Amino acid sequence: MGPPGNDSDFLLTPNGSHTPDHDITQERDEAWVVGMAILMSVIVLAIVFGNVLVITAIAKFERLQTVTNYFITSLACADLVMGLAVVPFGASHILMKMWNFGNFWCEFWTSIDVLCVTASIETLCVIAVDRYIAITSPFKYQSLLTKNKARMVILMVWIVSGLTSFLPIQMHWYRATHEKAITCYRNETCCDFFTNQAYAIASSIVSFYVPLVVMVFVYSRVFQVAKRQLQKIDKSEGRFHSQNLSQVEQDGRSGHGLRRSSKFCLKEHKALKTLGIIMGTFTLCWLPFFIVNIVHVIQENLIPKEVYILLNWLGYVNSAFNPLIYCRSPDFRIAFQELLCLRRSSAKAYGNGYSSNSNGKSDYMGEASECQLRQEKESELLCEDPPGMESFANCQGTVPSLSLDSQGRNCSTNDSPL
């Protein structure tokens, strides 16, 4: 990146006037800058708006305040910081073709960039472990991962991410020793991230590849267990249905005691698919950059600078995708509609299970409080085999009963907010 005003940047006629070719080139450059500025502004707005919406929804609606969604909040915070403190300065760097914020902010900005990516991948890794425990050890899950423990885990994720991002950069452990890099470090208008080979490889492994391998391994195990559960549900659904019909005849009350284990299981597996899409999207967006990041320090001239920047921005765009993916969840869709005032009436909002409480928060009410109380009273664990068999492969979690209140309304609720 040459300094502005270099004579090679334009053509002059003998009398000092611009040639038509130069005018055309200048117009194209201006159009490119305007187009890129609009595109980058849209990306920043999408990242900030979407993740503020996610954080607000989880904070306001008690129905969404689950342990898993605490981790989702951490992920949204990382994306929000990316949209506020990283992407705008990266856009300025590209559009202005120089760095205008000094050496200190250059290194600090780079540290925040690494922090957000590291915190995101480590949070996704924690979510994978969270789902693995939930689906393989449902009896122990609530004691192993309480909300307070989830907060501690999130704090540890950010501390570790901060140490692995800020410490090497602020201590200048990352710096290369060749002449081009040293010139850039001394130039306040240059913020190209020249790194030595050891730092590039070590930081990529610690901040990305190790958490990625753990995440993929754990989540593949989660889907294997989930697949076995679906197969067992398919085989046993008829037995559950016939047992519950007999109970209805004995009780003499239509609909009371009818269990919907398959419905619950499908909701749980849809939640797993949503989380899988989030992890897959993150991997697809960031993996190419981290591959190029290592190749670049081994063979600098092999990867064009434009490709490096493009793949870096592909990673940035990932921060705008997650709020769109969350819309797969009915609970998040309802919460977003409530926050954006897109619901036609308050009656419809109540019918979908959200209302405001005395503290100004909103919670999921089901059809009415009577339904909620009845559901809490009648929910239980349904086991396919006698106790002592393998954990959740035999028991289908806490399955709400499909019961009716005094007015004949359905009292079932969705136990999978995501």
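Including glycine, each Cβ sits where the backbone N, Cα and C put it.
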Disulphide pairing with C106 per Swiss-Prot - partner from C184, C190, C191: C191
Swiss-Prot annotation: E27 and F104 on one membrane face: yes
N15, N187 - residue that Swiss-Prot labels as N-linked glycosylation site: N15
Record-annotated N-linked glycosylation site (source Swiss-Prot) among candidates N6, N414: N6
Residue among C125, C184 that, according to Swiss-Prot, closes a disulfide with C190: C184
Tertiary contacts of the topological domain 'Extracellular' (175-196) (same chain, 6+ residues out, Cβ under 8 Å): 1, 3, 93, 98-103, 106, 109-110, 203, 297
Subset of recorded positions (Y141, C184, C341) lying within 10 A of C191 (disulfide bond), CA to CA, in sequence order: C184
Spatial neighbour of C341 (S-palmitoyl cysteine) that is closest, considering only the recorded positions C106, Y141, C184, C190 and their CA atoms: Y141
Which of C184, C191, C341, all recorded positions, has a Cβ with the fewest other Cβ atoms inside 10 Å: C341
Spatially closest candidate among C106, C184, C190, the listed disulfide-bonded residues, to Y141 (phosphotyrosine) (Cα to Cα): C106
